[in-house]
Amino acid sequence: MDKELLKKRAGEKAAEWIEDGMLVGLGTGSTVYYFIEKLIHLCKEGLNITVVSSSIRSFEQAQKGGIPTANMNTVTQIDITIDGADEIDCQKRMIKGGGGALLREKILANSSKEMVVIVDESKVVEKLGKRALPVEILPFGYSATIEKIQVLGFRGEMRTTNEGKFYITDNGNYIYDILFQELRESPEEDHDRLIHVPGVLETGFFFNLAGRVLIGESSGNLKQLDK
Ligand code: 5RP
């Protein structure tokens, strides 16, 4: 089955879990896109919710679709956040940030009663680390920050735009994509080492945050992992 259809199925199923009165966190990415489209539809039919967003992109999609939005600066707790992932293992540890929104996504997930993860089956892995690990870094002194990351034994590349300029996150920062030589035995240790480098704002490792997970399988089945 077509991957886009798998993403759409997972996104639309997650929308069924949204209830009247909820404050909903919007993740970012092509899978979340389908979730937001379904939410727009449900809101037009009378669903009464408010959303906060992890990116300008998701915010604009929701706002254009007429979903009431709230400013995250006025919020301390979100009822449910729906987000995608670049990789997820059987302990629900994830790599996120392929879409560049990792820092805001982690703030939303961490402020939510539940983070629901929606993926197609290509994202499910035995061990994390095949895909790049995005690390959001402060532009100030970025060369020194990268040097420190490299001294720790990590190698990677600055994320760039199609025009060859540094990619800038919604927070005005850069992303350094770490390319691992081997699959990760202990991603928690990797995270701990990276997060202590001054200038590193966040890594794309997400631990102990995912609740229910919806996996669109190529057989057409939608697999659900419970909280
Ligand atoms: C954005 C993310 C996305 O959730 C992740 O990249 C998955 O995206 P997609 O659903 O497009 O595959 O972390 O920062």
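The count begins at 1 with the first shown residue.
Backbone N, Cα and C define each Cβ position, glycine as well.
TrEMBL annotations: computationally assigned, not manually curated.
The active site, proton acceptor annotation in TrEMBL covers Glu105. Note on Glu105 (active site, proton acceptor): other Cβ atoms within 10 Å of its Cβ, all shown chains, come to 33. Under the three-state DSSP scheme, Glu105 (active site, proton acceptor) falls in the helix class.
The Cβ of Asp83 (substrate binding site) lies under 8 Å from the Cβ of Gly25, Leu26, Gly27, Thr28, Gly29, Val32, Ser54, Lys96, Glu105, Leu108, Ala109, Met115, Val116, Val117, Ile118, each of which sits 6+ residues away along the same chain. The substrate binding site annotation in TrEMBL covers Thr28, Gly29, Ser30, Thr31, Asp83, Gly84, Ala85, Asp86, Lys96, Gly97, Gly98, Gly99, Lys123.
Note: the substrate site is recorded as Thr28, Gly29, Ser30, Thr31, Asp83, Gly84, Ala85, Asp86, Lys96, Gly97, Gly98, Gly99, Lys123; in the same chain, Gly27, Val32, Val119 also have Cβ atoms within 8 Å of that site's Cβ centroid. Comment: substrate site residues Thr28, Gly29, Ser30, Thr31, Asp83, Gly84, Ala85, Asp86, Lys96, Gly97, Gly98, Gly99, Lys123; largest CA to CA distance 15 Å, whole number. Look at Lys123 (substrate binding site): DSSP puts it in a helix. In sequence order, Met94, Ile95, Lys96, Val117, Val119, Lys123, Phe206, Ala210 constitute the residues six or more apart from Ala85 (substrate binding site) in its chain with CB-CB distances below 8 Å. Sequence-distant contacts of Gly98 (substrate binding site), defined by Cβ-Cβ distance under 8 angstroms and a gap of at least six in the same chain, are Gly29, Asp86, Arg131, Pro134.
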